[in-house]
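Q: Let me give you the structure first, and then I'll get to my questions.
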Amino acid sequence: MLGIRAMLVMLDYYWIQLITNNGTRSNNTDTIFVSLLTGPNGVTRTAIGGLYSNYTNLTGAFGFTSTNMSATNSSAEDNWSVTNLTESCINRGESYVTTIWLLDCTKNDTYWYYGNAYNHTCEGTISGYLLGMCKLWKSWVNNITSYNTVRVESLGNETRCMLLPRQYTLNATVEWYNKSEGDVPEEFMDYVILTPLAVLTCGLQEAYILDKGRRYMYLFSVSCVGITGTVSIILVSLSLLILICYYRCGRLLICPRGFELLPEFTEEEEEKEKLLTHNDIEVQVPIRTRRLLVPWIRESKMWVLPPPLPPRPPHLIEFPPSPPPSPGPMHMVVCMPA
C-alpha cells in the first residue's frame, strides 16, 4: 500500500506540472466566483477563480439571488476559510451540496449566490468571508511567480483550490461546480486528464470521481482482508485435523474403521526390550506390535483365508503314466565242444 501511495503522489506531482505548462494567462478582473461543496464524512471543498464581468445578464437563467453586502471589514484576517462562517449555517449531509457566490471585489455592496450548501439567513459572517476570499484572490494573482500553477491547500477539514489566474464563463463554472454528471466544460478540460489522482479544482464532478475511487479501494482492501482471513481459517482447520489424525491414529492420516489405539509401552517393557538378544528376537513375536497395526491386520476380514476347495471326483483324477519296466538281467551262454 505504501508503494501505491508513493506512486500516486508522484503522479499527482507530474499532473500538476503538466497542468501548469499548458495554460496561458488572461486579463484578470476583480470579478471572482467562490464555491462551497459539502459532502458525506464531513468533506468540505472550496474554490476561488476568476470570472468574466458580464455575468449579470445570466443570473436570471441560473436562478442566482442578489443580496446586499453588509458592512464588514475583512482586513483583520489574512487567511479566511470556512471556519470563519457560522458552522450551524453550513448544510452537511450524506449527499453533495454546493453553493456558488459571485461578486466584484471592487464593489463591496452586492453579491449573488446559488445553491443550498449555506443557509443565507445567517448574514452575519458571509460578507466578511467573501471579502476575505477577494483578498486571497488578489494576493494570489499579484504574488504568483508562475501564472500556470494550481494551488491546493489543506486547511484541517477543508480543501481549498486556487485556480489558474484565468477568467471562466458563468456557464462553464455552474456546470463544473454544480452538476455531478455530463460533459466536462471545455474551459476545465485541462484539469480532468488525471483527476482521479489529484484534487485540482474542488469541483463536484471531481469530488464524485475521487470519493468513488476511494470507496472502491476501501471495498477492495476489505475484500482482500476477508479472503485472507477465510483462507487462513481453512488452513488452520486442516492443520489441526491432520495433527489430530497423526497423533490419534498412529501416524495415519485416516483412521481405519473400528480401530482402537493400543496402549503405549511402559517403562518396564521398554527396559525389557533393550535386554533382548538376537536369539530372543528370532523366537519372539515382532517387536512393538502394540505400535503396529499387525493385530488389527491379522484379525481383519480381508486377511481370512477362503474355504478349501472340495476334492475332485476319482474319474477326473489323472495319474501320471507308469514308467516302463526295467529290462531283465542278461546271461552269457558259452558252448564248449565235446
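Each residue, glycine too, has its Cβ placed from N, Cα and C.
The annotation topological domain 'Lumenal' is assigned in Swiss-Prot to 26-223 on the grounds of sequence analysis. Among the features that Swiss-Prot reports, N-linked glycosylation site is placed at N27, N54, N57, N68, N73, N79, N84, N108, N119, N143, N171, N178. Residues or ranges marked as transmembrane segment in Swiss-Prot (evidence: sequence analysis): 224-244. Swiss-Prot lists 245-338 with the feature topological domain 'Cytoplasmic'.
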Q: If you compare CA-to-CA distances from N84 (N-linked glycosylation site) to each of the glycosylation sites N108, N119, N178, which comes out shortest?
A: N119
Q: Under 8 Å between C-beta atoms and at least six apart in sequence, can you list the same-chain neighbours of N178 (N-linked glycosylation site), or say none if there are none?
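A: Set apart from N178 (N-linked glycosylation site) by at least 6 residues yet with Cβ under 8 Å, we have T98, I100, Y114, G115, L204.
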Q: Quick check on the glycosylation sites: of N68, N108, N119, N171, whose CB has the lowest count of neighbouring CB atoms inside 10 Å?
A: N68
Q: Between N68 (N-linked glycosylation site) and N108 (N-linked glycosylation site), what C-alpha distance do you get in Å?
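A: The Cα atom of N68 (N-linked glycosylation site) is 9 Å away from the Cα atom of N108 (N-linked glycosylation site).
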Q: Hey, how far is N108 (N-linked glycosylation site) from N119 (N-linked glycosylation site), Cα to Cα, in Å?
A: 21
Q: Ranking the glycosylation sites N84, N143 by other Cβ atoms within 10 Å, which is at the bottom?
A: N143
